[in-house]
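Here the structure is laid out as structure tokens; the discussion comes afterwards.
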Amino acid sequence: MPTETWTIKRLLQWTTDFLQKKGVDAPRLTAEILLAHILKKDRLYLYVHYDQPLTLYELATFKKLLKRRLSHEPLAYIIEEQAFWSLSFKVTPAVIIPRPETERLIEVSLEIIQQRGLTLPWILDWGTGSGVIAVVLGKEIKKAHMVATDISFPALKVAKENAFKHKVKIDFVLARDLTLFKSTVFDIIVSNPPYIKTEDIPTLAPEIQYEPIEALDGGEDGLKYIGYLLKKAHVYLKSKGYLIMEIGYNQRKSIEKLIASLPCWKGALFFKDYAGLERVVVIEKNHG
Ligand SMILES: C[S@@+](CC[C@H](N)C(=O)[O-])C[C@H]1O[C@@H](n2cnc3c(N)ncnc32)[C@H](O)[C@@H]1O
């Protein structure tokens, strides 16, 4: 990058062209987000201050962040922030970057809670990561009692920061299974568990390789944790409770087969995401 004085406008134009040539997604947006982050301003500020010259320090910092993005590091990790459900969440490499499919999981969960008329629900978010599910459900259902677990202590630290930032009370628990809970306490167990087949992970986009493996790896068949929850979650659900999970787009058949072998469940409903893929499953506990 040339070292002469640069204005916001020139730097944005130059970076957009540069990123486009390098094949980086959303080049203009990336340039704007990085520059706004460095200037500690919002993106609108850039447009209103097009002619503002940048200092050498700002330029050097920009160059450093640009290099990280060119090495495929996700933008969210570089700026330590991701928008989700119109809120801003802290993210670090200790947690996966929340995805739009997970917003669908939350929408479906809210529909179920409303349909059932649950006004004071006890909800467990299993594998909370950055805490997005627990925080959003806690915000949307004011009287919910939210509990969130994760196997990762650094992830729980991020989730706690997000709960604090959004003023949601959540009981966080470091745990690898459900056994520390009393039976039949929860109305809903919601989870976006790791569900990618181990062998598929290295074939995924280079950006995904920056995300924590324990958040992605669903074992040999991708069903290690989905299977675990299907086998155990009913014990911790109240009568008429629900297990609601995000799943892989091609996992419906295997999940149906598993459910059919488990009399603890009444049946499953599958919901599509906005790309038309079945990405959410709702399973009702068999109380008969
Ligand atoms: C796919 S990420 C979901 C994170 C977050 N809920 C979201 O939707 O963005 C799965 C999470 O499950 C956690 N996890 C993996 N194994 C676990 C286990 N045995 N017990 C609890 N959490 C686990 C991972 O650390 C990770 O944070």
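Just so it is clear, glycine is given a Cβ too, placed from its N, Cα and C backbone atoms.
Quick look at what TrEMBL lists:
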type	residues	note
DOMAIN	11-79	domain 'Release factor glutamine methyltransferase N-terminal'
DOMAIN	123-200	domain 'Methyltransferase small'
BINDING	GLY127, THR128, GLY129, SER130, GLY131, ASP150, ASN192	S-adenosyl-L-methionine binding site
BINDING	ASN192, PRO193, PRO194, TYR195	substrate binding site
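Close to the recorded S-adenosyl-L-methionine site, the chain also has VAL95, ILE96, ASP125, VAL132, ILE133, ALA134, ALA148, ALA155, ALA159, ALA215: residues not among GLY127, THR128, GLY129, SER130, GLY131, ASP150, ASN192 whose Cβ is within 8 Å of the site's Cβ mean position.
Nearest by CA distance to GLY127 (S-adenosyl-L-methionine binding site), out of the binding-site residues PRO193, PRO194, TYR195, is PRO193. Residues GLY127, SER191, ILE196, ALA215, LEU216, GLY218, TYR225, ILE226, MET245, GLU246, ILE247 surround the recorded substrate site, their Cβ atoms falling within 8 Å of the Cβ centroid of ASN192, PRO193, PRO194, TYR195, which are themselves excluded.
GLY127 (S-adenosyl-L-methionine binding site) falls within neither a helix nor a strand when secondary structure is assigned with DSSP, and so counts as coil.
Spread of the S-adenosyl-L-methionine binding residues is 12 Å (greatest Cα-Cα distance among GLY127, THR128, GLY129, SER130, GLY131, ASP150, ASN192). Contacts of ASN192 (S-adenosyl-L-methionine binding site) defined by a Cβ separation under 8 A and a same-chain sequence distance of 6+ are given as THR102, LEU105, GLY127, GLY129, ILE133, MET245, GLU246, in order along the sequence. For the domain 'Methyltransferase small' (123-200), the model's average pLDDT works out to 97.
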